[in-house]
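Look at TrEMBL and you will find 1-82 tagged as region 'Domain I, interacts with DnaA modulators'. According to TrEMBL, the region 'Disordered' annotation covers 89-111. The region 'Domain III, AAA+ region' feature in TrEMBL is assigned to 114-330. Residues annotated as domain 'AAA+ ATPase' in TrEMBL: 147-275. Annotated ATP binding site per TrEMBL: GLY158, GLY160, LYS161, THR162, in sequence order. For 331-457, the entry in TrEMBL reads region 'Domain IV, binds dsDNA'. Annotation source TrEMBL lists domain 'Chromosomal replication initiator DnaA C-terminal' at 358-426.
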Amino acid sequence: MSQEIWADVLGYVRKNISEVEYHTWFAPVKNLGVQEGSLVLGVRNSFAQEWFRKHYLELLEDALRSLGAQNPQVTFQVLPAAQDALLLPTDPPPAPPIHTGRAPSTPLPENRKVLNPKYTFENFVVGPNNNLAHAAALAVAESPGKAYNPLFIYGDVGLGKTHLMHAVGHYMTERFPGKRIEYVSTESFTNDLINAIRDDKMTLFRNRYRSVDLLLVDDIQFLAGKERTQEEFFHTFNALYENHKQIILSSDRPPKDIQTLEGRLRSRFEWGLITDIQSPEFETRVAILKMNAEHNRINIPQEVLELIARQVTSNIRELEGALMRVVAFSSLNNVPFSRAVAAKALSNVFAPQEVKVEMMDVLRQVAVHYNMPAEVIRGAGRVREVVTARQVAQYLIRELTDHSLPEIGQFFGRDHSTVMHAISKVTEALGKDAELTGSVDTLRRRMQGLDDEEAEA
Ligand SMILES: Nc1ncnc2c1ncn2[C@@H]1O[C@H](COP(=O)(O)OP(=O)(O)OP(=O)(O)O)[C@@H](O)[C@H]1O
């Protein structure tokens with residue numbers, strides 16, 4: 001996690017100094033972690049150490065302040081191995097952290113280059129919001145070119161489309177060493193095409209994209225309106241498809257909603273399987289945070305993770321960012337994790353939750369939604385509709401309030417295991433039962449004070 005803090009600091013620094021300065025001074029710096037609230041940076045020699053103290057200390061402190069440090073501290077240490085090195089060419093920046101323990105057996109350098117090491121199936125938390133997309137991706141990884149071709153995954157930003165595509169790539173690299181994988185965004189595909197036309201290198205371009213075993217194309221919605229690219233992609237698609245090579249496409253919307261997409265491409269996109277990823281529900285968000293914390297060996301209490309999961313509800317990239325902020329805040333201020341610390345760390349980024357939802361609020365809303373008296377929901381009735389409303393109420397109370405399972409149980413005159421059962425019933429049905437999923441979403445929005453228009457913005 002200290003790598004993420006450092007990445008954030010570097011991002012801040014980069015915006016405030018010139019590129020030349022950045023590469024000369026910051027690229028060679030080694031992040032040595034946060035110790036007792038102080039960011040420790042390894043520099044090459046004592047000259048650099050002095051230079052940093054004089055010229056960049058304030059900037060670094062500002063960067064830490066933007067992460068929530070109240071009394072920002074930076075310490076510079078001269079790296080032993082580099083003590084006598086001159087200020088000569090810089091090291092490459094550190095590789096992104098690799099979270100998975102398994103390394104590909106015979107890694108293909110080019111595959112490794114294109115795939116994010118973090119984006120594996122092992123690191124993908126499966127929930128009702130993404131289980132179909134996950135299952136489809138796994139099926140494709142196991143029998144590429146045979147299960148579903150193409151596999152078309154769509155969903156809003158930051159929900160794991162790229163992660164799943166790369167996971168198939170990693171899986172294939174491990175299972176079938178020697179297979180060629182190409183991952184490309186639609187934008188890069190377009191740029192490559194433009195360059196190939198300009199430089200008269202179309203044969204090379206075609207060979208590159210038509211000789212792969214797995215082609216992953218991100219953000220295919222950007223094909224809209226690009227006729228020449230669509231034409232070329234059409235031929236690429238056909239060549240691969242006819243040779244039973246796997247194609248996976250991602251988009252922010254289903255093919256039928258991509259405007260100005262040629263009919264022949266649209267119909268091809270619909271040949272295989274179209275699957276979507278929805279926003280994760282509370283339990284999945286907590287599970288994702290938990291996995292992230294464990295990978296980074298951070299021991300963070302469940303209740304703190306739950307608070308973060310309540311703040312960030314739709315985008316997983318932002319959810320991870322929020323965890324990073326909480327970790328940064330607590331380590332830079334040298335205070336242990338707590339709900340209060342987390343709330344403070346996130347208060348600059350997210351509006352504090354204005355209304356504190358109470359159990360009774362949830363029950364009332366559920367009663368209105370299902371058109372039955374609140375007391376009936378709380379009562380002992382076993383009629384199916386009543387049981388469903390009761391389970392939804394318990395599920396939402398757990399998600400939207402801070403009450404524990406025994407407290408919720410008491411509120412309904414039941415014990416905590418009944419509540420646990422209700423929650424797992426609803427969790428199981430989400431994504432499968434459209435009516436129930438719709439009810440839960442509507443109720444959640446209503447209670448978070450979002451009307452539908454705002455929620456979609
Ligand atoms: N189910 C999941 N389990 C664990 N991490 C996830 C999951 N889904 C998404 N993530 C993480 O969330 C971040 C965003 O995911 P990703 O980049 O795949 O989103 P995306 O849908 O491709 O977004 P965009 O449309 O912006 O490209 C990544 O760090 C990814 O690892």
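Cβ coordinates come from backbone N, Cα and C, glycine included.
Overlay of TrEMBL annotations on the structure.
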residue : record           : Cβ contacts under 8 Å, 6 or more apart
GLY158  : ATP binding site : SER314, ASN315, ILE316, ARG317, GLU318
GLY160  : ATP binding site : PHE124, ASN130, ALA133, ILE277, ILE316
LYS161  : ATP binding site : ALA133, ILE153, TYR154, GLY155, ASP218, SER250, ILE277
THR162  : ATP binding site : ASN116, TYR119, ASP218, SER250
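DSSP states for the region 'Domain IV, binds dsDNA' (331-457), grouped as helix (H, G, I), strand (E, B) and coil, give 85 helix, 0 strand, 42 coil. Secondary structure of the region 'Domain I, interacts with DnaA modulators' (1-82) per DSSP, as helix, strand and coil residue counts: 46 helix, 18 strand, 18 coil. In the three-state DSSP scheme, GLY158 (ATP binding site) falls into the coil class.
Surrounding the centroid of the Cβ atoms of GLY158, GLY160, LYS161, THR162, where the record places ATP, the chain contributes additional residues within 8 Å, namely GLY155, VAL157, LEU159, HIS163, LEU164, SER250, ILE277, ILE316, ARG317.
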